[in-house]
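Quick look at what TrEMBL lists:
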type	residues	note
ACT_SITE	Glu106	active site
BINDING	Asp11, Asp105	Mg(2+) binding site
COMPBIAS	420-431	compositional bias 'Basic and acidic residues'
COMPBIAS	461-472	compositional bias 'Gly residues'
DOMAIN	7-189	domain 'UmuC'
REGION	414-472	region 'Disordered'
SITE	Tyr16	site 'Substrate discrimination'
Amino acid sequence: MRNTPTILHLDMDAFYASAEQAAKPSLRGKAVIVGGLGPRGVVATASYEARVFGVHSAMPMAQARRLAPNAAYLVPRFGFYREISEQVMRLLRELSPLVEPLSLDEAFVDLEAGGTAWDEESARLTGTKLRGDIRAVTGLTGSVGLAVSKMLAKIASEQAKPDGLVLIEPGTERAMLGPLPVRTLPGVGPATGDHLRRVGITTVEEVAEAGEDELVRLLGKAHGSALYGMALALDERPVVAERDTKSVSVEDTYDVDIHDRVRVRMEVQRLADRCVRRLRDAGRSGRTVVLKVRRYDFSTLTRSDTLRGPTDDPAVVREAAARLLETVDTTGGVRLLGVGVTGLADFTQEDLFAQAQAAAGELEPLAEEEVEESAEKQETPTVRRWSAGHDVRHAEFGHGWVQGSGLGRVTVRFETPDSDPGRVRTFRTDDPELEPAEPLPLVRRRPQVSSEPARWPQSRSGGGGGGATSSP
Ligand SMILES: [Mg+2]
């Protein structure tokens, strides 16, 4: 393990909700909840104002509505978040070739490998400058943790939230960790936490005091040893660049195109199960589920869904794959289906240690497929749906966003990231003057000579794997 705090963990603050507040002046300083608004929806992100009411991510939406009935409830706009995420990841890649994204708004960076930091002072300066750059480029805030290992850097960024920087000085790690609850350690979920509490172990210090033999007796060899190591602040895991991470995927080509939607669904479930078996055989878990569909005309689509944490649960992968399938039109027939899991980790959120020592095995990378633009276009639904929070443009009133819709009416608030809070107007849902619009950038580029509206700076769109991304 290194002895300089040059591993950086960045975590954007209440990312989806903050992005929505930045885009919608009327929501700034208000409780904003982004997530699935359907009967089984869960909260993806709650703004800090909403957290005051006890709302947090992964909470059922119905419960959030009871706790914060007056909050703004918005459907996630993943394309928009991805644009911001790419801006952030570009800034991170300027610091080091070793950037390991964990989700759209979270990543590890090995500053030493990039030559950008070599001691405490240079690490702190780099982290401070990064936070400023993120703010300038995206208009949003992120928190930074710096430490000698990934585990500690992540704990540090959690302590830094919101809008802060925490550097854990080398030599102080064990003193800092000691009083923290055992659940702070990565991979200690509610089950392991309960198990340890029953034998009187609630803090990291108590884990260290219990000793390795006792922990192995309680939790088994792999789990017990790994937990003991974590409690001593030992974490050797390297930062792994995104391109080095592997995927597990399986696919089937059919002799005869499948037209029956029920059969397509069944095939996807079967592939999801097979994929999870391979994942488990490799002792791994992943957080992004990818669905690949090649249609009768050879157009190939990939859709991906990023979960809140790594999983190897067949039910979770099946459900994610089924959800992705719902976004693909297969009416013309399907000649190939594939299901993959990427963003692999050696552990699941819930149980790091059970799998930590399993061999990585041989993993076949998921085939990179060009997403054909023409095929993408065909996906546009013919029925106009006005999702809460999504952007629209009105011929007369300009740019706005859907505040709500129902009973043949849609309410739109007309405002832009750099306007004052806007006014609300109501239209018929089939008003020909109203149309869906692309999100506007949160930070305007320098004014150009032309009077063109601001656009996203050179975005890395296109390429494989781009698709609907969501947290459950
Ligand atoms: Mg975050």
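A Cβ is built for glycine as well, from the same backbone N, Cα and C atoms used for every other residue.
Predicted, not measured: the structure shown is a model, and the values here were computed from it.
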The compositional bias 'Basic and acidic residues' (420-431), counted residue by residue under DSSP: helix, strand, coil: 0 helix, 6 strand, 6 coil
Recorded positions near ligand 1 among Asp11, Tyr16, Asp105 (Cβ under 6 Å): Asp11, Asp105
Per DSSP, three-state class assigned to Tyr16 (site 'Substrate discrimination'): helix
Same-chain residues at least 6 apart in sequence whose Cβ lies under 8 Å from Asp105 (Mg(2+) binding site): Asp11, Met12, Phe15, Tyr81, Ser85, Val88, Gly142
For Glu106 (active site), the number of other Cβ atoms found within 10 Å of its own Cβ: 18
Listed recorded positions (Asp11, Tyr16), ranked by Cβ neighbours within 10 Å, top entry: Tyr16
Secondary structure at Glu106 (active site), reduced by DSSP to three states: strand
Separation of alpha carbons, the residue listed as 'active site' and Tyr16 (site 'Substrate discrimination') (Å): 12
Taken over the domain 'UmuC' (7-189), the model's mean pLDDT: 93
